[in-house]
Structures are given as C-alpha cells and as structure tokens.
Amino acid sequence: MSMDPNAVKTELVLILDYGSQYTHLITRRIRSLSVFSLCISGTSPLKSITDLNPRVVILSGGPHSVHTPESPSFPAGFTEWAQANGVFVLGVCYGLQLIVQRLGGVVKVGEKQEYGRMEVEVERNTGIFGSKKVGDKQVVWMSHGDEVAKLPEGFEVVARSQQGSVAAIESPARRFYGLQYHPEVTHSPEGMETLRYFLFDICKVSAGWSMENVLDEEIKVIKSTVGAEDHVICALSGGVDSTVAATLVHKAIGDRLHCIFVDNGLLRFKERERVMETFEKDLHLLVTCVDATEQFLSKLKGVVDPETKRKIIGREFICIFDAFAHDLEQKLGRKPTYLVQGTLYPDVIESCPPPGSGRTHSHTIKSHHNVGGLPKDMKLKLIEPLKLLFKDEVRELGRILDVPQGFLKRHPFPGPGLAVRVLGDVTQGNALDILRLVDEIFIRSIKDAGLYDTIWQAFAVFLPVRSVGVQGDQRTHSHVVALRAVTSQDGMTADWYYFEHKFLDDVSRKICNSVRGVNRVVQDITSKPPSTIEWE
C-alpha cells in the first residue's frame, strides 16, 4: 500500500527504462523541477502505461542495439495511444533510435561510435532547442554505437555533433522528440535547461509537485486503508527511512502504531540511548526497546563468514519480532493487521531490473533492507509510505514532519551493524568495545571539522591482526583499526574521501592515546568498485 500516482494532483512524467545506468537520475532530475516522475520497465504492457495516464513519456537510454532481435521496445499500440491522447514522447540515446526505427526510419551500425563529451551544434531553433539560436554550440555527454541514417516521415534534425551525426530530432506535429545524448548528467552542462524547456515550454507541464503534497496524500491513503480498530507494527532500525515511515504513520493513526527497537549488541557507541531519546522525546513514538545482546552474541560466537553472520542476525531478529507481535496480540486481544516498512524507490526499481539486463524480476528487496524477511505465518499487510521516494526526498519529508535535522543527516548504518565491521569473530576479546570507541572518536572528529555532511558514510573497522608497537616506553602487541570514509550519490559507486594530513594525524593520535588495545591506525583508500563500501 502506498501513494497512488494518480491521486497526486499533478501531471506525471513517466520514464520507460531500457537499462541505462542514468535512468534513476532522469527521474530525480525531473522531480527536482517539482514535476512528479515515475520509472517502469520499458517492456511494460500498454495497459500499465495508459493506466498511469502520463502527460509525458521519456524512453531511456540503454546498452542495447535496435538491430538485435531481442532488443527491448515499447509495446504495440504505444505510438497510436500517445498521438490519440496528446502525450509528448522524448527518446534519449537508445530511446531516440527506438523512435526512429519503430516509426519507419533507419538506424545503422555507426562507423564513428561516439562516447563521452562531444560538442553539438543547433541546426533549427524550434521545438526542443527553442531557447537557442541556429549555430549555438554546447557540450553534451554522448553515448552511442548505432546512428540514425534516415528519419521517419515528418521528422527533422535539430542538432548535429561535430562529426556530423544526428544529435537531436523532432516531429512537433506528432509530439515526438529525441536526443542522442544524456541531458540529465552533469557532463551535459546545459542539459537541465533543455529538459526544463522541453517540459514547461513544449509540453506545458505545470510544476505542482511537492513533499507537502506527498505528506497530505500519504496520510489520506493510510487513514482510508487502516481500519478504525486496526493496529500497526513497525521495526525501527535507528535509520532515517524506518524513522520517517513510522513518524508519518503515527501522524495518521496515533498510538495504534506500535514500534520495536532491538539492541542486538552490535550497535555503535551509545546508539541505543541516543535513538530512543529521539523516538520518545522528539517524535513521541510508542517504542518497545528489547535488549537482546546476549541472544545475538551467543549465536555469533565463533562465526567468521560475513554472510553467515547476516543470516544469524536476520533469523534472531525474526524470532524477537515474532515474540513482540504475539505479546502485542495478547495485550490488545486482537492481531496487529499491518506492518510498516521504509522501502524506498531505488529498492523497488532494483527489484524489477530493466529488460535486457539478464536479471529476472525477483521482487526481493535487498537483504540488508528488510532485515532477513518475516515469519511465514505472520500474515501482515504492508504499508510502505516511502515506496515512491528517493533518499533526499525522504529527508525532506522528515524535515516537514519535524524529525530532528541531526538525525535526518545521519550516515547510513548497515542492518547487521558492527558484525560486518569486526572482521572475524565479533565476540572475541573486547573487539566490539574497542571498535565503538574508535568509531566514536573518528565520527566526532569529522563532525568537529565540519566534514560530516560532505561525506556519505564514515566508519571504523576492527581488523583481525595484531601489530608490534611502542607505547609508554613499552613494547606492545595490540590491535590494528582501519578508517573508511567515502563520498557517493547513492552508494552504488563511491570514492574514498581525501582527508587533510593534519586531520588524519590528529585522529590517529587521539585513537592510540585513548583506546586501550590499539597501537596502529590505517586508512582505506579504495573506491567502489573495485571494493564495496563495507569491509565484510
């Protein structure tokens, strides 16, 4: 259950996804213009498209060639439907080639493949380049192996690349437009201006979508779905998504929402106290805090493999959650009906991979997101109020709901917690206590230096090695810890953060001087790829 796209009083820009790595980005860029945008598979049946009643459809790029027999395409009847209903269509890269080929033009295998930054020149100041003059040049991000050889009837070239390839086409009478480059990426500096002109000046879309709309709409949907006697449960992780989801549902149904927060013994320094204070004092949520440290750590004893750790943690969490639901049933005299989850839009899109990607439509949200699934017999209906939102939009929604700013800006924390940041057996010696203190010093130093908001995620790692050192005139044989900090948009790719030497020097001294058992600090300088963000 989530926001009905049609109920959001706005005009929808629908993106048909053909596998481009930038598809998410187009959706986000359009939303940043206060226009509601959704993304569905490019091979969706026509009914899925027409039911959403979009004002504009964008055909995304993708790694395919229109010449291969299994290359994905829009459904039969799409162009007729678009023209009969006054829908504007924009093809980007592969999307442009699809339009040309399906509407009777010719696409040939390119002699001059163009990838990367290219200069294009405007040949006609109409339509999509109506804000430009003939001869105007701009740098764009090209990406194509095939090229247009012959345009369908009624289409004209409006821009070409330096090498003479078709860079933009249009048929204003049919409301079909195409760009052979990615306007949504920062490498196309004037791309957003082109998108803005296309949506507002050509398609006459009105910018009327905001987080306030989303909030009002969601509360309405929750109130009309959850019966007057129904009770709802929610597992809080201490992260932004579950907290904002719970706060929103609480605003709609009050104390018929029952939350649980589990201390699995793998939390950061004073995490339990800090998040419980936010839940109770700031957000007035009804939260049961379960201390299950012993239960988790006893099951993790001797376990080294990170995937096994995840499975054990997921299983124990389910047992605790199950017990919580049964206790609640005894207390209320009735079973809870709904479960709140903080599923986000990228999770939804990732569960339905684009056509031609070779992956199946699995519909399984990533394992860290929905901590290991739910008991089979727990027949709860889902409430996923954030299902159509990106992370930055969730933070904006949280701000409107008065979730403290410091909480909303927190770096992501993995579901299995410190279990994947202690390499090896988490119960050995005092590894967890050492890691908590090191991590706290690192994060506190980052905050004091004013760097916290520019870093996507920062954390310490406990390494399963000892090293010889000298502390207080004595030879020591102590532990090694690693510091990792990355910058990223969404965690899919990441670069390591360049700290100044003075900062690293200070942090290293603080850690070695105040954490017993550590005599060596190293920094991780690997990007993703080739590594992951976590060390597991």
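Placed from the backbone N, Cα and C atoms, the Cβ positions cover glycine too.
Taken verbatim from TrEMBL:
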BINDING   SER237, GLY238, GLY239, VAL240, ASP241, SER242, THR243  ATP binding site
DOMAIN    209-410  domain 'GMPS ATP-PPase'
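Shown here: features listed in TrEMBL, placed on the structure.
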residue	record	contacts (Cβ under 8 Å, 6+ apart)
GLY238	ATP binding site	PHE261, LEU267, GLU271, VAL275, PHE413
GLY239	ATP binding site	GLY342, ARG410, PRO412, PHE413
VAL240	ATP binding site	LYS391, VAL394, ARG395, GLY398, VAL403, PHE407, LEU408, ARG410
ASP241	ATP binding site	GLY342, THR343, LEU344, LEU386, LYS391, VAL394
SER242	ATP binding site	CYS234, ALA235, LEU236, VAL340, GLN341, GLY342
THR243	ATP binding site	LEU236, THR278, PHE279, LEU283, GLY342, GLY398, VAL403, PHE407
Packing count at SER237 (ATP binding site) (other Cβ atoms within 10 Å of its Cβ): 20
ATP site, defined by SER237, GLY238, GLY239, VAL240, ASP241, SER242, THR243: further same-chain residues with Cβ within 8 Å of the Cβ centre: LEU236, VAL244, GLY342
